[in-house]
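**Student:** Okay, here's the structure, questions in a sec.
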Amino acid sequence: MLEFPLINDTSRKIIHIDMDAFFAQVEMRDDPSLKDKPVIIGNDPRKTGGRGVVSTCNYEARKYGVHSAMSSKEAYERCPNAVFISGNYSHYREVGMQIREIFKCYTDLVEPMSIDEAYLDVTTNKLGIKSAVKVAKLIQYDIWQELHLTCSAGVSYNKFIAKLASDFQKPAGLTVVLPEEAQEFLKKLPIAKFHGVGKKSVERLHDMDIYTGADLLKISEITLIDRFGRFGFDLFRKARGISNSPVKPNRVRKSIGSERTYGKLLYNEDDIKAELTKNAKRVAESAQKAKKVGRIIVIKVRYSDFSTLTKRMTLDKSTQDFDTIDRISHSIFDQLEENSSGVRLLGVTLTGLEDQEGRQLDLDNLA
């Protein structure tokens, strides 16, 4: 078997900025009466007959076990005193662009991963600041002073560890992992916290008695590749803190979609939803093959009179999981106004795409 040298570039200074419960935080900033209340971004199930899904929620709501992609009905059952807000996504995008302008004051090497998070390479920066920690603190300060929003920051020598670090002390946290500290940091981390390891994969790793980074470190590269395919190669390196992926500004935003036109109009709701599921499956399979994950799910419905409706849902975390795409596509469809005319076309699209590296995915799809 070919073996490649483990080249680890520790000279870079990478920051990962992740806004804290961004959509909910913007709503709380704009409406001070929401302070200290559980806030859920999603349709109120009391107004939709139980339909709807949670886009995100604030930390107060998370205390009740509410999380993104949960049905609004279950969220209400867990937290009946929550304030449900349908969400103003165009406003969130505007605020997201304001945040990016702050990033650009420090470096042009900014790689947005979504509307509320980005990687920054500040190895060399516009202000000539040698300390990446100081840059991260200044960015946190600027975002608070200008926008009255908090973010968490991770600072390290690569994107993988910087992302893990930004999740370590939320909200409004700053975690620094130096090259000489990376191995101990990763050893203590539960394997489920490694970005790129989905729930099913965690189960498979647990079956191998791999529960932490320290456990993963003991497994040979050959064993990991044999069990997980190409991704085993990446796991072996990440366990050692090796990830030389560059910060890529101006990343091309693409979408993955599937739509079908029906010669025979669809009238029956069961038939329509069965076709939605087929589209969702094709999208998930295409995303997994392309090694992409997305945060926005869009459905498109064209009726017999050629009128067309599109509706989208933005998730708190990116996905390529079929069950998630299927469930949310159905939830979005349920929110459309009833139309008795037949359906001529159905489409499902996953957009807001990014590379699966550093994100949640299912290793079963890579074996």
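Keep in mind that glycine also has a Cβ here, set from the backbone N, Cα and C atoms.
Sharing the feature lines straight out of Swiss-Prot:
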type	residues	note
ACT_SITE	GLU117	active site
BINDING	ASP18, ASP116	Mg(2+) binding site
DOMAIN	14-198	domain 'UmuC'
SITE	PHE23	site 'Substrate discrimination'
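Mind running through what each feature is packed against?
**Tutor:** When secondary structure is read from DSSP and collapsed to three states, GLU117 (active site) falls in the strand class. Long-range Cβ neighbours of GLU117 (active site) (same chain, at least 6 residues apart, Cβ-Cβ under 8 Å): HIS16, ILE17, ASP18, MET19, SER166.
Note on ASP116 (Mg(2+) binding site): other Cβ atoms within 10 Å of its Cβ, all shown chains, come to 25.
Using a 10 Å radius centred on the Cβ of PHE23 (site 'Substrate discrimination') and all shown protein chains, the other Cβ atoms total 28.
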